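> Quick one: the structure is below, questions incoming.
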Amino acid sequence: MASTIPIVTLLIVMLSCHAANAQLSPNFYARSCPNLQTIVRNAMSQAVNRETRIGASILRLFFHDCFVNGCDGSILLDDTATFTGEKNAVPNRNSARGFEVIDTIKTNVEAACSATVSCADILALAARDGVALVGGPTWQVPLGRRDARTASQSAANNQIPSPFANLATLTSSFAAKGLSTRDLTALSGGHTIGLARCTTFRGRIYNDTNIDANFAATRRANCPASGGDNNLAPLDIQTPTRFDNDYFRNLVARRGLLHSDQELFNGGSQDALVRTYSNNPATFSADFAAAMVRMGNISPLTGTQGEIRRNCRVVN
């Protein structure tokens, strides 16, 4: 029997190492790339100064990355003759943007610490900084994700929540990723910044009845019943470039732009929380930050899984 003890001990050590690998940590690059966060922040600051909207665009990229096989940088991969990525999936085609900013950050990070920091982690940090730079909360980003060698256009088509979805569908989409309805409502508050295309809200402004009439008329002016699919409108009509709680005030006033937005305040389970966020910006900010960390923890590749991509657009 004594001879089995080293094997058991070895198993325990191996299991604990695996558990450690699976744990993301804000200090993951403290020794290997100590200036990482400064490099990302500086590049994001320049990008937001050039175009305020980019904060919302990068936030959306991170969301769309995490909801498809976890936060693994798969959304960043380009299509090639032999590889089909996620960029041309319906939720991303003609709307996912900000890839050049991630490229710039990656180039800067590689110059400081080559082959060390994943594109998945860069995207997680850039999303945080994009929010903070337009007035939103900040938070510690757990790090240590590795980059996927694969992508899934079909998963992107099926798993990214739709702007046309009802509350039950949204709830189940988030639950499938281990996120609660509170996370759903808090993360939807990311729509306090950014723009949406006419094709995503046309049904809302022409067909929905739970909509403020003046708001609908305003939006119809730039989104005809047919045509103009790519015409843009702010998701938050009041402060579209500032991260605040006006999104929730809009919902209470029946001025949610997307059908999926207004579903959060439509006589259902999230009405009370929407009212809370509309009256308490600090509560919203705290819940949003916590939900971003939870979303960032969806199925990361860690340890020896995946790779550290040299170029975020192609596998090594």
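Using N, Cα and C of the backbone, Cβ positions are placed for all residues, glycine too.
Fair warning: this is a prediction, and the values are worked out from it, not measured in the lab.
Pulled from TrEMBL, these are the listed features:
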type	residues	note
DOMAIN	23-316	domain 'Plant heme peroxidase family profile'
DISULFID	Cys33-Cys113	disulfide bond
SITE	Arg60	site 'Transition state stabilizer'
ACT_SITE	His64	active site, proton acceptor
DISULFID	Cys66-Cys71	disulfide bond
DISULFID	Cys119-Cys312	disulfide bond
BINDING	Pro161	substrate binding site
BINDING	His191	heme b binding site
DISULFID	Cys198-Cys223	disulfide bond
> Restricting the comparison to the recorded positions Cys66, Cys71, Cys119, Pro161, which residue's C-alpha is spatially nearest the C-alpha of Cys223 (disulfide bond)?
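Nearest listed residue in space: Pro161.
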> Out of these disulfide-bonded residues, Cys33, Cys66, Cys113, Cys119, Cys223, which one has the fewest other C-beta atoms within 10 Å of its own C-beta?
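Fewest other Cβ atoms within 10 Å, among the disulfide-bonded residues Cys33, Cys66, Cys113, Cys119, Cys223, is found for Cys113.
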> Measuring CA to CA, name the entry from the disulfide-bonded residues Cys113, Cys119, Cys198 that ends up nearest His64 (active site, proton acceptor).
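Nearest by Cα distance to His64 (active site, proton acceptor): Cys119.
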> Grab the pLDDT values for the domain 'Plant heme peroxidase family profile' (23-316) and give me their mean, rounded.
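Within the domain 'Plant heme peroxidase family profile' (23-316), the model's average pLDDT equals 98.
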> So among Cys119, His191, Cys198, Cys312, all listed as recorded positions, which is physically nearest to Cys71 (disulfide bond)? Use the C-alpha atoms.
Cys119
> Could you tell me which of these recorded positions, His64, His191, Cys198, has the fewest other Cβ atoms within 10 Å of its Cβ?
Cys198
> Measure from the Cβ of Arg60 (site 'Transition state stabilizer') and count the other Cβ atoms within 10 Å, all protein chains considered.
24
